[in-house]
Amino acid sequence: MSKFKVIEIKEDARPRDFEAFQLRLASPEKIKSWSYGEVKKPETINYRTLKPERDGLFCAKIFGPIRDYECLCGKYKKMRFKGVKCEKCGVEVANSKVRRSRMGHIELVTPVAHIWYVNSLPSRIGTLLGVKMKDLERVLYYEAYIVENPGDAFYDNESTKKVEYCDVLNEEQYQNLMQRYENSGFKARMGGEVVRDLLANLDLVALLNQLKEEMAATNSEAKKKTIIKRLKVVENFLNSNLNANTDSDEAVPNRPEWMMITNLPVLPPDLRPLVALDGGKFAVSDVNDLYRRVINRNTRLKKLMELDAPEIIIRNEKRMLQEAVDALFDNGRRANAVKGANKRPLKSLSEIIKGKQGRFRQNLLGKRVDFSGRSVIVVGPKLRMDQCGLPKKMALELFKPHLLAKLEEKGYATTVKQAKKMIENKTNEVWECLEEVVKGHPVMLNRAPTLHKLSIQAFHPVLVEGKAIQLHPLVCAAFNADFDGDQMAVHVPLSQEAIAECKVLMLSSMNILLPASGKSVTVPSQDMVLGIYYLSLEKAGAKGSHKICTGIDEVMMALESKCLDIHASIQTMVDGRKITTTAGRLIIKSILPDFVPENSWNKVLKKKDIAALVDYVYKQGGLEITASFLDRLKNLGFEYATKAGISISIADIIVPNDKQKAIDEAKKQVREIQNSYNLGLITSGERYNKIIDIWKSTNNVLSKEMMKLVEKDKEGFNSIYMMADSGARGSAAQISQLAAMRGLMTKPDGSIIETPIISNFREGLNVLEYFISTHGARKGLADTALKTANAGYLTRKLIDVAQNVKITIEDCGTHEGVEINEITADSSIIETLEERILGRVLAEDVIDPITNSVLFAEGTLMDEEKAKILGESGIKSVNIRTPITCKAKKGICAKCYGINLGEGKLVKPGEAVGIVSAQSIGEPGTQLTLRTFHSGGTASTDLQDRQVSAQKEGFIRFYNLKTYKNKEGKNIVANRRNAAILLVEPKIKTPFKGVINIENIHEDVIVSIKDKKQEVKYILRKYDLAKPNELAGVSGSIDGKLYLPYQSGMQVEENESIVEVIKEGWNVLNRIPFASEILVEDGEPVVQNIKAGEKGTLKFYILKGDGLDRVKNVKKGDIVKEKGFFVVIADENDREAKRHYIPRESKIEFNDSEKIDDANTIIASAPKKERKVIAEWDAYNNTIIAEIDGVVSFEDIEAGYSADEQIDEATGKRSLVINEYLPSGVRPTLVIAGKGDKAVRYQLEPKTVIFVHDGDKIAQADILAKTPKAAAKSKDITGGLPRVSELFEARKPKNAAVIAEIDGVVRFDKPLRSKERIIIQAEDGTSAEYLIDKSKHIQVRDGEFIHAGEKLTDGVVSSHDVLKILGEKALHYYLISEIQQVYRGQGVVISDKHIEVIVSQMLRQVKVVDSGHTKFIEGDLVSRRKFREENERIIRMGGEPAIAEPVLLGVTRAAIGSDSVISAASFQETTKVLTEASIAGKFDYLEDLKENVILGRMIPVGTGLYGEQNLKLKEQE
């Protein structure tokens, strides 16, 4: 860093050009130099004259005059005496503002400790002296002595225990030692003075060296910790002047004795005001009371000392002085808070700056501004996109100064006074001038809560009558505004720069896209959607159907003359082609720009289609075209919604006729289940789950039935159906509550009540049903209130951690990236690869899997078209650049960030991407929370998965899969992990019989086949192959990766497939549970109907080696018999448009070289209609099966002790159920003793039902027991927000799973201290040991192979573990997919890059493992930037650099650990941050946003980046 000069700030100066801000401890001399005089008296003002008392807390002589340029006695008045000191009253004539900056001081008779350095952990004074905080307090509060000079003193008579320097003694010990060793130089004292002397005598450099030696000498971790604590404080003191200029007097480092106060500074009086209220009372700032007590006690102490009072009285007075100063600095930190007259604690200096009402957050980060007003909003449908209606009354006030100037300029008024009078009388000239002033002067509108940047937008005002602001209907979505009484604030930009920014950057017509997702935010909603939907509908047999019209004018004439219905199907010419459309759609076409293709408008337009249309117009046409198009769309929508005259009537709500039948059927099923529960055939959990499933499916059937009826009603013109179908208002779920049945409800705790509400709202609810309904409704409202606060807090934390992230350079030049693929949860796709790659820059070439040529080169920016090509090419994973891998020194580079979603272009340097990201994640947080009650508390849980089935075609490969055959001859999965069933298609087939060989060379894998005569080699890229841990489902995804079914040295037949492409995979544990039944064989083909997907000519091929050979004799009706059969669809230029693999047993539906047109044509068909089921299992229970034949014995399973007996009444069978709560140390276990000494143990979880008896003989794969899965809870969004904040806070979960750190084989060792010991042994001989609590359920078996990152026990994976074991890229994948699951599950689209920006901030600190020669200490958390700079400095000097490991900090910790002092202090834990910074003399280089806002400077992003540089604007030709 460069050296800085310290600026002396003059009294009235407002320096703009300072570059840094440093916090330091103030020396007593410094405090004196600030002071303008000593405050000697506790008086404030004279109650009669109301003038400040001399030498008092408000003294004018010390602090300056009360009135501008006027001394207290009135001898000197006016400017011309500036700087004169009055002889009579001693007041200097000056501006009264100096009372805000001039300080005084109080000379304390005895040094007093500053409470921040005593009481905030770790206690700085205590640490330096090596004294415990409690002991230090006893010394300071005169309860104990501290040894200043031990002399030759010993504690015991035998002289073995020596008295050490800084030992703390009680009264008795002190008297004892004094008697015996007074002459040997023993000396101990108590109180502030001795502590100050001890601190003054410290030689920090010597102490530092001594501590370093001790550190090197010790082996105990605990000792190391305490030494490191002391080292940190000592180093902070020594380094506290590193950046000061050596020639200035500021270069002295902080001294420890400055933590003791001898001169107490007094705050300028105007910062602790005393205001006269009417009625002769005064409102006083609490600080004055606290100062008064200090002064009183100080003067009393002075008097007592002059009188030579007894020691005990003086001590008491000194203690009281210490307490008074403590209270002034931080009241209530120690002991009880000092209370004022009204029995509430006084607000001390610390309280004034911290918290929401403190100086930082209340007055510095957010200020009230002038030229603003607020009013209620109403809709302004006639406005243009960039206009708002401003009430004349408001405009008159807001633009008053402009208006006064205008009136004078026009000559209507000669003086300001006259102009003011005109405005008061509201003459005609005033209105005329107001129109002119307002023209071309934009205003900003803001709706609280301001959750993202679109909550403040600029508009051109249009003056309107009335008192309400008019708002354009399309910008409501961005503001989240509606017209039920919302209010908005208006702000007037004043400077020319501000006005220019409003016009160029903030106009609402410029902000069409959401920065969170890049989707358009100005999409028509509600009435507008309804109107456009109505207009685009088609009605069979409407008036004038099948007519031919030349164009829109003819259609309009026909409509006017009533010979054509708006919904009639007509034919017309568009772009030289004859098309069939409707009259209404032609009207829509007439407002569209010419470049919109027919398939975008010639269909029924629902809300999603309209949104897609707006997006398309924006992408193709740009801002101006889109803005005017949106206005036309809005007008059209409103017009036809009005003309349609859609209304709601009770006749629109149609109840299905067979509702009662369905309900009776469901009730019958429920009775059956209840009976089988009573007979003991199923557990209570199963009963509950099954009943809920029955009612769910009944509800679904009824809803579907009802929707069909409503849809058919009035030929699709049923009002309610139109509203829901168009997306204008309501949903199918809500209609089904109106017309089918209300369904299952939830209790306030989120569990589902098993009796549903059978009535619907049309029939009406009975009393019980109504009562159950209220639960859900009430819960929704309560949740909303609670969660809004949480979401707001999350946003604040995110903003704080990300505020300093901005785009600094174009390209950081890194080649590193992160591999991404689609995010899936279970079997549903959460986010496709196409969505994830949009707007990102590639970090590696993308290779086309079919042609093996480079599809896109490294460094390509993926726009919509490229992303689409990529999506269609069948590529499953891509390497992209991300903020996490960016190597820019500060901030992020544009290439690693990608497209700025708000503009759709590559981001420019200076963009505040951190803030945008935080807003994008936080804003839907509040949305999520506010959305709970819309479904009225009706329950929603997905039907539980009972099976997996193949969605694609290919053939089956078992990876590591072992199965058992049970008595029924079924195949049962025997693996618990590290196995999978893959669906593959062949990529390379063997040209001849031979031996396979596989070798790894650098980035390539070479597969070769060899027989006696010949050898062929195939080269594959290493990262295209699926890794073992990916196949096992530990990390990453395997779709599209390559799989090698054979190992080196195996013999392979001719035409066998040796390299395969994985199309789908189901790994054991995550997708296929243990003990599932497998319904496919290894190598079995899976046949689906294959659709063409493109139009063109069919060509059939067969795979030979790694190339395709043409097969021409294929006819319709052939059955494929051979592996490796492909069909290619060639387009008109004979290029390959699409390629499909056709598995064996498929039936070909076309001849070779035949032309096909439609994309949905089936080329090859499957013999069976339904999808191929891969595996099935019990949906309600986890099954435990026997792994060997043998005899069962029970351990710790005893009826009435650890288990309960249940008797089945019908059959008389007894079964044991493990109790839910077990005594400690009791672990119910089933043991199977097999042949020889083979034994297998099964530890049982609570609630497990046991199906065997002690001593039973059993066979392999028999069912031993079942554990019910947890009862289904309704998915409320609560999972959402707390989950997101848990991830961002990187909290260690309560029930964290123990994770394997290395790949290897599991071994169980002897239990240690009632904990299980698991050892993992790797192939290379390393091993890792884990001790696991007995309460945890272990999920691995002895002898199993496990991958790093897999869970050993049940529980939640902690993100810290992911980072530690699998590294930063795996953490990136984990956090993003977890967070996206929450948001996508709620239908909220957020681009990954926003989450990545936050994650990169959570990883911005590293933990020093080895300090080398640097100034760091091991265990330090330092920012990567500081770490890098320090290492570079040490390397330049030829020293050892430090080594560090990455750490993941939660957003709160990361924000407090900010490099900027001001920013950290204004976030949380203000006192702690300031204490630390002052000792270390920390610098704040004012690089980020927050600290500049606080100091009132331009923020260094966007246009503020160019700050003081003079910009020249030139007009475009």
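The backbone N, Cα and C atoms fix where each Cβ goes, glycine too.
If you look up Swiss-Prot, you'll see Cys71, Cys73, Cys86, Cys89 marked as Zn(2+) 1 binding site. In the three-state DSSP scheme, Cys89 (Zn(2+) 1 binding site) falls into the coil class.
DSSP gives Asp484 (Mg(2+) binding site) a coil state; it is part of no helix or strand. What Swiss-Prot records for Asp482, Asp484, Asp486 is Mg(2+) binding site.
The Zn(2+) 2 binding site feature in Swiss-Prot is assigned to Cys812, Cys886, Cys893, Cys896. In three-state terms derived from DSSP, Cys896 (Zn(2+) 2 binding site) belongs to a helical segment. Annotation for Cys896 (Zn(2+) 2 binding site): spatial neighbours Cys812, Thr814, Val841, Arg881, Thr882, Pro883, Thr885, Cys886, Ala888, criterion Cβ-Cβ under 8 Å with sequence separation of six or more.
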Other CB atoms, at most 10 A from the CB of Cys893 (Zn(2+) 2 binding site) = 23
Proximal but sequence-remote residues of the same chain as Asp482 (Mg(2+) binding site) (Cβ under 8 Å, at least 6 apart) = Cys476
Remark   = Between the binding-site residues Cys86, Cys886, the one whose Cβ has the fewest other Cβ atoms within 10 Å is Cys86
Remark   = Candidates Cys71, Cys86, Cys89, Cys893 (binding-site residues); nearest Cα to Asp484 (Mg(2+) binding site) turns out to be Cys893
Request  = Enumerate same-chain residues with a sequence separation of six or more from Cys73 (Zn(2+) 1 binding site) and a Cβ-Cβ distance below 8 A; give 'none' if the list is empty.
outcome  = Cys86, Lys88, Cys89, Val91
Request  = Identify all same-chain residues not among Asp482, Asp484, Asp486 whose C-beta atom falls within 8 angstroms of the centroid of the Mg(2+) site's C-beta atoms; report them in sequence order.
outcome  = Ile377, Ala481, Phe483, Gly485
Asp486 (Mg(2+) binding site) and Cys71 (Zn(2+) 1 binding site), Cα-Cα, nearest whole angstrom = 52
Request  = Tell me, if you would, which residue among Asp484, Asp486 (binding-site residues) has the fewest other CB atoms within 10 Å in the structure shown?
outcome  = Asp484
Ask   = What's the CA-CA gap between Asp486 (Mg(2+) binding site) and Cys893 (Zn(2+) 2 binding site) in angstrom, rounded?
value = 40
Ask   = Taking the Cβ of Cys812 (Zn(2+) 2 binding site) as the centre, how many other Cβ atoms fall within a 10 Å radius?
value = 19
Query = Can you list, in sequence order, the residues of the same chain other than Cys812, Cys886, Cys893, Cys896 whose CB lies within 8 Å of the CB centroid of the Zn(2+) 2 site?
reply = Ile809, Asp811, Thr814, Arg881, Pro883, Thr885, Lys887, Ala888, Ile892, Ala894, Lys895, Tyr897
Note = Across all protein chains shown, the one of the binding-site residues Cys71, Cys89 with the most other Cβ atoms within 10 Å of its Cβ is Cys71
